[in-house]
Amino acid sequence: MGNLIDEIGGQLQQLQAQNLLRRRRIVDGPQGPLLNVDGESYLAFCSNDYLGLANHPALIAAARDGLDRFGVGASASALISGHSRVVEELEAALAAFVGMPRALHFSSGYMANMGVIQALVGPGDTLFSDRLNHACLIDGARLSKAEFRVYAHGDMVQLERRLAKNTSSRKLILSDAVFSMDGDIAPLPELVALCERYDAWLLLDDAHGFGVLGPQGRGSLAHFGLASPRVLYMGTLGKAAGVAGAFVAGDATLIEWLMQRARTYVFTTASPPLLASALLATLALLRADDARQRHLRKLIKQLQEGLADLPWHLLPSETAIQALIVKDNKLALDLMQGLREHGIWVPAIRPPTVPKNTARLRISLSAAHTTEQVARLIAALKTLAVKHAG
Ligand SMILES: *Cc1c(COP(=O)(O)O)cnc(C)c1O
């Protein structure tokens, strides 16, 4: 009989040998474009705080106010005694913001996806999932025990063929709205049209679109001017919204069912209500103006133009996620290290997070960056390109 600790120790050594071992770095102080990492200050392009709200004074003040009014803990699950009035207000505000009848608040996007899929489908039903979907959609699919069909990334022809052949009573399409490692936007008008044509439903994960895309950051459906009762919209609140948590919005009957039956909603302690206070401040900022989104778009253009002549290419993306594909795991790590020597922190993303031979630097831009900071990144990458090409 093998020894579990020795066996896993060996697996860890293998990861190390393949340059796949991950390390955490300790961050002191708040999030922002300048990060204090392991005691040194870096210009960081690694966060999902796309609007720079994670350390915004209005959110901090609202969280303090929430702390004074509600204390720290929620004490129980929402269905027992943990559903605070401020969360009720937040759900109504989120539903209105994304133009849906009703919303349900979850403590994270991961939990939301896991809970929603399992509540809606089971054995005998079929899930259709884009190959590049986020891990939590895939895990939710596995838990549900519904049949799981993967279609090639963005391939609406293949998806349609599969939908046309399928005879299950419930068909649920799963898709990231903005793909988290590539930054491209799913073909939402086509997805919604396929739902209508084949009596299917869409769970849309807008973790990287909510707050960023569409007027005032109302999300990727608003970006396309789409509305459909066949869509369940999942937005996360720990990325552009600057706080933590998630919500699912959609038809009121479906949302009521999720409240009754989503296990990751029913069987978990509610989030601290002070977070909902902070999130109401987020929504007030978003509704007030979209200068942050405009500035972000300007930075995206600046980066794309600045990196056009590199030996590596950026994947096409109009979002804050800009993936510079370098293919080789070691080169990705070397570039990450090279940038670090320039005082810049950009994460190298390697398999299994992304497909083999597509290792990359995942550059995340934020409205909190200045054009000067983006220029610094461009200059450093150009210097490294000369070094690694020669
Ligand atoms: C981050 C992310 C999630 C998970 O959201 P959390 O609130 O961080 O748990 C889900 N889907 C996608 C596409 C994500 O990027």
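Counting begins at 1 with the first residue displayed.
A Cβ is built for glycine as well, from the same backbone N, Cα and C atoms used for every other residue.
Pulled from TrEMBL:
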BINDING   R22, H134, T353  substrate binding site
DOMAIN    43-381  domain 'Aminotransferase class I/classII large'
BINDING   G109, Y110, S180, H208, T236  pyridoxal 5'-phosphate binding site
MOD_RES   K239  N6-(pyridoxal phosphate)lysine
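Looking only at the recorded positions G109, S180, H208, T236, K239, the one with its C-alpha closest to H134 (substrate binding site) is S180. You'll find the Cα of T353 (substrate binding site) roughly 19 Å from the Cα of the residue listed as 'N6-(pyridoxal phosphate)lysine'. Each of the binding-site residues S180, T236, T353 was scored by other CB atoms within 10 A of its CB, and the lowest score goes to T353. When the recorded positions R22, H134, H208, K239 are compared by the number of other CB atoms within 10 angstroms of each CB, R22 has the fewest. The binding-site residues listed here are G109, Y110; among them, G109 has the most other Cβ atoms within 10 Å of its own Cβ. For the pyridoxal 5'-phosphate site listed in the record, the two most distant Cα atoms among G109, Y110, S180, H208, T236 lie 13 Å apart. Sequence-ordered, the extra residues of this chain that approach the pyridoxal 5'-phosphate site, with Cβ no more than 8 Å from the Cβ center of G109, Y110, S180, H208, T236, are N48, H134, C136, D205, A207, G238, K239, A246. Listed in sequence order, the binding-site residues among R22, G109, Y110, H134, S180 whose CB lies under 6 angstroms from an atom of ligand 1 come out as G109, Y110, H134, S180. DSSP assigns G109 (pyridoxal 5'-phosphate binding site) to a helical segment in the three-state reduction. When the record's substrate-binding residues R22, H134, T353 are compared pairwise by CA position, the greatest distance found is 19 Å.
A gap of 18 Å separates the Cα atoms of S180 (pyridoxal 5'-phosphate binding site) and R22 (substrate binding site).
In the three-state DSSP assignment, the secondary structure recorded for H134 (substrate binding site) is coil.
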